[in-house]
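The structure under discussion appears below in the form of structure tokens.
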């Protein structure tokens, strides 16, 4: 399916992960490219999630160097449990396969600030 191909045309979007395989593919892409991955753990019945979704989509358009994923906690229960998600929305910030930060709740300013904070390229210390 062309919609699942990892191509540059995907930049600036929020990608929905509806299967564990899709999650694994995008997670691996984030690790391999050393990009920041922002995961929006959401639920269809969550009002604050619906409020923040267009804001996240707008941020994604402005930051194509960041991978934005959306995971429905009811669809991917194992992924949600693996990342200890207990409230929605929860935004998990991942670099090199590890969680570097988290924002719980539809907090627009905190979400934007945290993305900017972690989207900067990592400085090499040797």
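Numbers run from 1 along the shown chain.
Using the three backbone atoms N, Cα and C, a Cβ is placed for every residue, glycine included.
Swiss-Prot has this to say about the protein:
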type	residues	note
ACT_SITE	46	active site, nucleophile
ACT_SITE	49	active site, nucleophile
DISULFID	46-49	disulfide bond
DOMAIN	2-120	domain 'Thioredoxin'
SITE	40	site 'Deprotonates C-terminal active site Cys'
SITE	47	site 'Contributes to redox potential value'
SITE	48	site 'Contributes to redox potential value'
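Shown in sequence order, 88, 89, 105, 106 are the residues of the chain, 6+ apart in sequence, with a C-beta less than 8 angstroms from the C-beta of residue 48 (site 'Contributes to redox potential value'). Of all Cβ atoms in the shown protein chains, 24 besides its own fall within 10 Å of the Cβ of residue 40 (site 'Deprotonates C-terminal active site Cys'). Secondary structure from DSSP puts residue 46 (active site, nucleophile) in coil.
For residue 40 (site 'Deprotonates C-terminal active site Cys'), the nearest of the recorded positions 46, 47, 49 in terms of C-alpha separation is 49. According to its DSSP assignment, residue 40 (site 'Deprotonates C-terminal active site Cys') is in a strand. Cβ environment of residue 49 (active site, nucleophile): 40, 42, 43, 88, 89, 106 lie under 8 Å away, each six or more residues apart in the same chain. Counting every protein chain shown, the number of other Cβ atoms lying within 10 Å of the Cβ of residue 46 (active site, nucleophile) is 19.
Neighbour density for residue 47 (site 'Contributes to redox potential value'): within 10 A of its CB lie 10 other CB atoms from the protein chains shown.
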